[in-house]
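Heads up, the thing below is written out as structure tokens.
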Amino acid sequence: MWLPLIGMTALPHVGGIYGGIVTRKQVKTWYPSLKKPSWRPPNAAFPVVWTCLYTGMGYGSYLIWKELGGFTEDALVPLGLYGLQLALNWAWTPIFFGAHKIKWALIEIVFLTGTVGATMVSWYPVNRTASLLLAPYLAWLCLATTLNYCIWRDNPEKKEE
């Protein structure tokens, strides 16, 4: 039973590692050129926070998987929503940092935040602990969504002629 525990806990980090690769260059070049609110967390906080959040959500998914007997019909909605939010999570970084599409990233993160909320609701009757493991993630996404909005608002896109 260790393999599913380790695999499901580690899975979210795959996108995090990819996101780190996409972000690394942009944090030194493009990102500093943007106007950002004074309250934004320091760049060094992001890898630490995301490591904790990815570990918590991955372990939570394992608890749901275990409680529902694996990838069963009962697990379709709770793990399906989890998979959807994970895909949306992984997509945000290439949109924002890779394509520099701040408005599209804002729209995407709003959908992501809503999907995480729906995932929590679907997990709660199955395993309260798993659902509550997503609470810090949801809180961070609220901060990240606000940050994305402020960056979009304060950095209008230049019209191409």
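Each residue, glycine too, has its Cβ placed from N, Cα and C.
Bear in mind that TrEMBL entries carry predicted annotations, made automatically and left uncurated.
Under the heading transmembrane segment, TrEMBL lists 6-23, 44-65, 77-97, 104-124, 130-152.
Between the transmembrane segment (6-23) and the stretches 44-65, 104-124, 130-152, the greatest number of Cβ pairs separated by less than 8 Å involves 44-65. Packing against the transmembrane segment (104-124) from elsewhere in the chain are residues 60, 64, 77-78, 81-82, 84-85, 88-89, 91-92, 95-96, 130-131, 134-135, 137-138, 141-142, 144-145, 148-149, 152: each is 6 or more residues past its ends and has a CB under 8 Å from a CB in it.
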